[in-house]
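Participant: What follows is a single structure, and I will ask about it in a moment.
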Amino acid sequence: MLPAAMKGLGLALLAVLLCSAPAHGLWCQDCTLTTNSSHCTPKQCQPSDTVCASVRITDPSSSRKDHSVNKMCASSCDFVKRHFFSDYLMGFINSGILKVDVDCCEKDLCNGAAGAGHSPWALAGGLLLSLGPALLWAGP
């Protein structure tokens, strides 16, 4: 067992280390007008930024479903919406030429690429892969 003075010194050192660690701001994926989210890169946000945003702009009339993706740090989701739903773009949105989807989140890199498939086949495949070794071990 450590003497009381050593325990006290250890606790004081731990408190100093915890309190002196630099505060790290939010990290978000960052890219502009890309068609592929894998082209986005992590970026440390400014202290005033509180959300990560993803903006997807699509052309609903296109048979190819053309789209562009913008990912960024922002001070608020309302700020992003005001920017992308500006008077200039509203004409295109209201006429059906463009569709704009804005999603915001508050955790590091939460605006990254979507998770692996949400299809029933992806779920079934994952379940089979995880149960496979147990089924083989159980044997006939």
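A Cβ is built for glycine as well, from the same backbone N, Cα and C atoms used for every other residue.
Pulled from Swiss-Prot, these are the listed features:
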DISULFID  C28-C52  disulfide bond
DISULFID  C31-C40  disulfide bond
DISULFID  C45-C73  disulfide bond
DISULFID  C77-C104  disulfide bond
DISULFID  C105-C110  disulfide bond
DOMAIN    26-91  domain 'UPAR/Ly6'
CARBOHYD  N36  N-linked glycosylation site
LIPID     G115  GPI-anchor amidated glycine
SIGNAL    1-25  signal peptide
Participant: With an 8 Å cut-off on Cβ-Cβ distance and a minimum sequence separation of at least 6, pull the same-chain contacts of C73 (disulfide bond), or say none.
Facilitator: L26, C28, D30, K43, C45, Q46, D49, V51, C52, A53
Participant: Any idea what the Cα distance is from the residue listed as 'N-linked glycosylation site' over to C110 (disulfide bond), rounded to a whole Å?
Facilitator: 17
Participant: Across all chains shown, how many C-beta atoms besides its own are within 10 angstroms of the C-beta of C52 (disulfide bond)?
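Facilitator: Neighbour count, Cβ to Cβ under the 10 Å cut-off: 28.
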Participant: Give me the Cα-Cα distance between C40 (disulfide bond) and C104 (disulfide bond), rounded to a whole Å.
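Facilitator: Answer for this pair: 16 Å between alpha carbons.
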Participant: Find the shortest Cα-Cα separation between C110 (disulfide bond) and the disulfide-bonded residues C31, C77, C104, and name the residue that gives it.
Facilitator: C104
Participant: Any same-chain residues 6+ apart from C31 (disulfide bond) with CB under 8 Å of its CB? Would you list them in sequence order, or say none?
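Facilitator: Expected: S37, H39, C40, T41, V69, N70, K71.
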Participant: Provide the number of Cβ atoms within 10 Å of the Cβ of C77 (disulfide bond), excluding the reference atom itself.
Facilitator: 17
Participant: Helix, strand, coil: count each for the residues of the domain 'UPAR/Ly6' (26-91), based on DSSP.
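Facilitator: Across the domain 'UPAR/Ly6' (26-91), DSSP assigns the residues as follows: 16 helix, 28 strand, 22 coil.
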Participant: Distance between C77 (disulfide bond) and C105 (disulfide bond) at the Cα atoms, whole Å?
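Facilitator: C77 (disulfide bond) and C105 (disulfide bond) have their Cα atoms 8 Å apart.
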